[in-house]
C-alpha cells in the first residue's frame, strides 16, 4: 500500500498549474526556498553531488539544487505537479530528472545511491512519516546528507501555521495543513534514531511579516529544519 493520502495528493495536484507563480498559493515556498537552499548547501556543498528531492512537487528546490551544480532527481506521486516541473525545467534550461515513484519504492530500487537526499515540507502530509525517513536513510550513501523540514505540533504552530497563515493572512489555501499530522522535533528525532542516520543540526525558520521574509533561527516552535548524516 502506498504511503500517501489521496486527499493530500489531489489537493496539491489541483494547484499544480500555480506552482511556479511566485505570487500565488505557493508564494511561501518561493520565499522560503533561498533560505533552505543556502542551509542545505552550507552542509552538503551541492556542486557535483548526486541529489534526490523526495516530494519535489513542481520542482522549486530541485531546480535550485541543480542550479548550484548538483545532478538532481525529483520524485513525487502527483503526476500533475511533475508535469509542471518538467515543463518549467525545459523553459529554464536547468536539467532535472523527474519520476512518479514513492520514496519506499525508489529506496528498494536504488539503495545507497545519493550524496544528498532532501524531504522538505512533506512529512506532515503522509500517513507514515517514519517510513519516509527510513526510505531517505536507505537512499543516501554512507557519509551522505539527508535534510528534512516540517512543522512542530503545539499551540503556537497551530495558531501561526494554520489559523494565521491559512485563515488570517491567507498566505496558504485553507486546508493546506492538518494539525494532527504536525511532528514534534522529538518525534522526528525518534524516527531518525531508528535508522543509520544521526542528527547534525536542527534549526528553526522564522517569518518576519514586516519584511515578508524567512530567516533561520533557533526557534523551532513552528517550522524547523533537520540536517542528518549517514555514518561513513
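Just so you know, glycine gets a Cβ as well, placed from its N, Cα and C.
Taken from Swiss-Prot, the feature S-adenosyl-L-methionine binding site covers 36, 55, 76, 120, and the record attributes it to sequence analysis. Within 10 Å of the Cβ of residue 36 (S-adenosyl-L-methionine binding site) there are 24 other Cβ atoms, across all protein chains.
When Cβ atoms from all protein chains are considered, those within 10 Å of residue 55 (S-adenosyl-L-methionine binding site) total 23, not counting its own.
The record assigns 36, 55, 76, 120 to the S-adenosyl-L-methionine binding site, and the maximum Cα to Cα distance across that set is 19 Å.
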